[in-house]
Amino acid sequence: MRVQGFGSIAVPSRNLIFSNALWGAFIQCIPSIRGLLGYSLVTYLVLLAVALVACHFLIRRGMGPWAAVVAVFSVFFYPCVFPQFTVVSGLAGMAAVLALLDYRERRGNGELFLCFILALVSYLIRWNEFLFIVAVSIPLWLSLRILRDRAFLLLFLAITAASLAAIAFDRASYSDVSWAKYNAFNAVRVKLTDYGLADYLKTLPLHSSSELSVNDFDLLRNWFFVDDNLTSSRTMEALRQAVPGELSAPRSVGRGIESIRSAWQDPRAFPLALAGLVIGALLGSLRVWLCLFLFYAGLFYTGYIGRPGVFWAYYPALSACLLWMIAQASTLRGTRRWLAYIALCSLAASTFWQTVKQHQQIDGMVQDIRRDVKELGTDVIVTWGGYFPYEYVYSPFDRNLHNAGFRFYSLSSGTYAPTSLAYRLESEKPGWFVQRLLSSQGLDFSGYADRPIPAQGEYLRNYCMQRHQGELELKVVKNLGSIVVVNARCITGNKG
């Protein structure tokens, strides 16, 4: 949405927030083809290219063509059906490492060039996922011999220089004064919404000093940034003064362990984790076990600092570990080789079954939502956090709904982004959201037929009562089938 400017975005922009602005600028240069947006085209082209590269290097390392295809299918089938940019970044990084591993044995300049391109693409799409992939892969390629290799050192310098140039371009893209509020608040926002800070602050006796209630922290955790009384620099500074030490949630070993468990409890990841363990045991390589150790250490750390079990972050890294191990499975002989192939085929069958099952479960709902959403019209609709299915409405192969003229006021990480409709409305009339909530007109929120009121509705009710001494009135004003529109009004003594 951010690149093309539709839905919750009022102004097209190269500033993708979670990807480098240079990647956004590149996508803006890609035209739509027969209604398919450039972002979708690039996403699938990258997935296709990375899959072909992975298959190529697996075959070069001694795997049979059919085994290489099965291995690549096992990893890429799910992301192709349910594409997500962090996964695309991780898989590109995985292929870059495969190219480097091939160079380590063959010393071909073509492999180094391919490694550079794939590494740069991975970095631009999601820099922290790229670094995770590189960190996990270190035991596989690091050696004194390669550190003395001039071509490798040139590759390292080239990737570093390109990354620094991309960072400079990205920072320049966000240096405009219109991004000042977003930049100032976002560092704290990430801690509040993603790393458990809001939940931690609720447990501290600091509400009077910070002028924030328990309900206010619940609102902040759920992307409610539209009231300056909750997000002003004065309020944030009061929090910093009231909290001893760094303004962040305490570290938790329990959440770290929970994060590791997530890779074994999620049915989408469990087959990968099990296959990796089996093939790793068959290989019996110290480098492979160090690679797996670093993966689980990284998984533990993300949970330890407050964000356990982010599927889109660990899925590509787990997939990468598996493909790197499979690349070495050609050294196996006899029974071990056949056991590795059995594990691989079992993984492919499980991946196919899980993906098809998930697609069948949501396909009917997706079709219903895409049909019913056409009746929304062009009135402003508030979408709260993940409660509106943007990924269903604007699917990768959408050819028309992005031109439907929907106007979504999104309560999300991008509320303060100057490209958003929310920012535009608040700039034209400061306090637009709160004033509309207090007016007789009220605000229209998106909802589902079976859950008309968002889970955050109780927080909004308390907000109305605590901040405005009013009573929240909720009324379904549009029933479109799979989705509904709920009007919310905060009725106070001063009706407007």
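Placement of Cβ uses the backbone N, Cα and C atoms for every residue, glycine included.
The feature transmembrane segment is assigned by TrEMBL to 36-59, 71-101, 113-138, 150-169, 269-297, 309-326, 338-356.
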Using Cβ atoms only, state whether the transmembrane segment (36-59) and the transmembrane segment (150-169) have three or more pairs under 8 Å that are 6 or more apart in sequence.
no
Selected stretch (most C-beta pairs under 8 A with the transmembrane segment (113-138)) from 71-101, 150-169, 269-297, 309-326, 338-356:
71-101
Which of 150-169, 269-297, 309-326, 338-356 contacts the transmembrane segment (71-101) most, counting Cβ pairs under 8 Å:
309-326
Report yes or no: does the transmembrane segment (269-297) come within contact of the transmembrane segment (309-326), defined as 3 or more CB pairs under 8 Å with a sequence separation of 6 or more?
yes
For the transmembrane segment (309-326), could you work out the same-chain residues 6 or more beyond its ends whose Cβ comes under 8 Å from its Cβ atoms?
54, 58, 63, 71-72, 74-75, 78-79, 84, 86-87, 89-91, 93-94, 97-98, 101, 129, 132-133, 136-137, 140, 258-259, 261-263, 266, 268-269, 272-273, 275-276, 279-280, 283, 288, 291-292, 295, 298-299, 302-303, 340, 344, 347
